[in-house]
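Q: Got a structure for you, written out below as structure tokens; questions coming shortly.
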């Protein structure tokens, strides 16, 4: 009867349900079940339950059974078992499994599939170990590693591995470049972007819709919107994705009328927009306060193009109204949605409540975010601080302590000479800390002489004015800017990336204040 119970639950998709059944089943019974089973997907589900419950003993027994049943070459099983061991902090067992896999007849196709599964599980570190042990690699191996790094937000590792690929005998293909360009875009690394584009041209990689879209997106997010437009103008524009990339690029640069002009041109060339097109247009309107225009395009989706708004479109409308200070209308959109609002929508409302000091509605948003992150709590706390409600703000901070929620420090980075330099607020870990702080102090003194006064009311804490000013002076963006001034010549354009935003400054007007 117990075996039937295990079978019934394992057929379900919930690892929690599997775990619950196994916890009430004698181990020998579960083992007997696995012994009888000839379905590797069943075994994979049991492993997923072991991973969730950190049950390495059962996983270890299944490990033995996997190879006895001849499942040792099933990539999904190998990857899930490795991930389970790592979750249980059993690195020795994971390495043992790795050695066991490589003692079998090596097959690069199967090895590639293991890498793919490991990357999907977020185990990029162990995927690299697996990659390094492979006696043979092909272009797919490199692509899976580079693409996996990008999907797991390990962009610098992706670029580093791409350089290793170039040093090997393996030639990158269009899929390689698509992943690398995405990594450059997410880093805002313009020098890397220019190098990758040049390399792609040298290797005569033919542009298709995917690569053209990736190029436009890369240059847009690296702050080079004019180059993005040049790529767009010279590209084959028969695929809607190319238009979407251009519209979205113009949107994030705060160029709504340019985005609308591209949309109009799209209609002229008989390219039908899709749902992603309208996300770009709504974003453009949202970032520029064009509420009526945004409403027009939202209605146009269904009335003219028969595209039913999805949750992303409703989210864009909430953001549109929220940024414009029309919070009641933003909340009305949420209430009228035909689907459940997701956490992104509630966070958009919460952010607007902080800006426009609407704590009651902000509390509604917080109540609907099931798994609070540090940013959510900080928004609510800052909203209370801006209204001098120090006790309420302290209550939020205490709640964060009790729940173990830690505030993430802001980060900024700057690319110089092909190297990315990262900074945090108040950071003193950089090798050139002494020099960049001297530059920053000179800049601050010069700006004060010119009549600039720091807006200390933006520091939302109950501390002295002097402490507030110190917090403002040592923001991560200012540290990155000071480092750029320290390391470049006057007149050079400095580009700083922070949370997908690009900050640009020309040094020509501030070179004297830097003492250069």
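A Cβ is built for glycine as well, from the same backbone N, Cα and C atoms used for every other residue.
I grabbed these lines from TrEMBL:
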REPEAT    138-172  repeat 'PPR'
REPEAT    173-207  repeat 'PPR'
REPEAT    239-273  repeat 'PPR'
DOMAIN    451-504  domain 'DYW'
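Are these features on the surface or tucked inside, and what touches them?
A: Looking just at the repeat 'PPR' (138-172), the mean pLDDT is 95.
Listed by sequence, the residues of this chain that lie at least six past the ends of the repeat 'PPR' (173-207) yet keep a Cβ under 8 A from its Cβ atoms are 139, 142-143, 146-147, 149-150, 153, 155-156, 158-159, 162, 165-166, 214-215, 217-224, 235-236, 413, 415, 417-418, 420, 495, 497, 500, 502.
Counting residue by residue with DSSP, the repeat 'PPR' (239-273) contains 26 helix, 0 strand, 9 coil.
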Q: So if I exclude everything within five residues of the ends of the repeat 'PPR' (239-273), which remaining residues of that chain have a CB under 8 angstroms from its CBs? That is, six or more out.
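A: Sequence-distant neighbours of the repeat 'PPR' (239-273): 209-210, 212-214, 216-217, 219-221, 225, 228-229, 232, 279-281, 283-285, 287-288, 290, 293, 305, 307, 500.
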